[in-house]
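Written out below as structure tokens is the structure these notes cover.
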Amino acid sequence: MTKREARAWAKARRTELDMAAVGRGMAQALFSLPQWQRAGAVLAFAAMPDEPDTAEILRRALADGKRLLLPRVRSKTEMDWVEIPALRLLRPGAFGIQEPPADLPAADPAGYAAALALVPCLAASRDGVRLGRGGGYYDRFLAYYKGMGLLLCPEALLLDELPCDDWDARFAPENIMTEKGILR
Ligand SMILES: Nc1nc2c(c(=O)[nH]1)N(C=O)[C@@H](CNc1ccc(C(=O)N[C@@H](CCC(=O)O)C(=O)O)cc1)CN2
Ligand SMILES: Nc1ncnc2c1ncn2[C@@H]1O[C@H](COP(=O)(O)OP(=O)(O)OP(=O)(O)O)[C@@H](O)[C@H]1O
């Protein structure tokens, strides 16, 4: 299977899933993890309609006093991280994704202690290969990000194998989370 074929399969499979329910399951699994409880800052994402709904995670992060950063697309290849103090400030941005507004400054994730990055994917393999949407945004970010990361992947989108390029970040099974919890 090529990446292109894998993306087509994943996109079709995703339309059959209840992403509100998957998101609720992931949120519950996440809140019980020490990695979440210890996190002082969360690098999250506002979900697209075919991604697990993260609204509850975003609300809980702020309610628990964690600093919340979300991506803001800057170009065809780069995204900025922006700290957002309240979800009502979000505006539709590139691809219709809710983004921090242009007047909030870009932040350096390295400047946040105890950061936890929640990483979206189209699909993932059990041995830790992430399939993204093909923009390379997260590949570039993960190449320099040194903090803790969790890949959020619905159970139905976990494969035994996926093609992997040199630049693809790899996730250990204990850093892959489905609505049923951490893979092990
Ligand atoms: N919720 C969320 N936010 C995110 C990402 C993401 O994957 N999910 N990104 C992660 O990179 C960045 C935005 N990158 C994106 C890249 C492509 C598409 C997208 O919808 N692509 C189309 C195909 C476009 C094409 O025709 O080539 C698609 O997947 O259907 C969306 C976001 C930053 N923010
Ligand atoms: N660390 C990097 N530095 C520069 N370019 C990169 C890096 N990682 C990936 N790229 C480029 O990004 C493009 C897209 O890569 P890939 O198809 O793996 O994206 P993806 O992981 O599916 O997308 P995304 O991360 O946006 O969800 C590739 O053409 C690759 O050359």
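Cβ from N, Cα, C; glycine included.
Feature annotations, courtesy of TrEMBL:
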type    : residues                                                                                             : note
BINDING : Lys3, Arg4, Glu5, Ala6, Arg7, Arg130, Leu131, Gly132, Arg133, Gly134, Gly135, Gly136, Tyr137, Tyr138 : ATP binding site
BINDING : Glu51                                                                                                : substrate binding site
Quick check for the class: what is the C-alpha distance, in angstrom and rounded, between Glu5 (ATP binding site) and Glu51 (substrate binding site)? 19
Among the binding-site residues Glu5, Arg7, Glu51, the ones with a Cβ under 6 Å from any atom of ligand 2 are none
Taking only the binding-site residues Lys3, Arg7, Leu131, which have a CB closer than 6 angstroms to any atom that belongs to ligand 1? none
What kind of secondary structure is Leu131 (ATP binding site) part of, going by DSSP in three states? strand
Three-state secondary structure of Glu51 (substrate binding site) from DSSP? coil
Write down the Cα-Cα distance for Arg133 (ATP binding site) and Glu51 (substrate binding site), rounded and given in Å. 11
Among Glu5, Glu51, the most crowded of the binding-site residues [Cβ within 10 Å]: Glu51
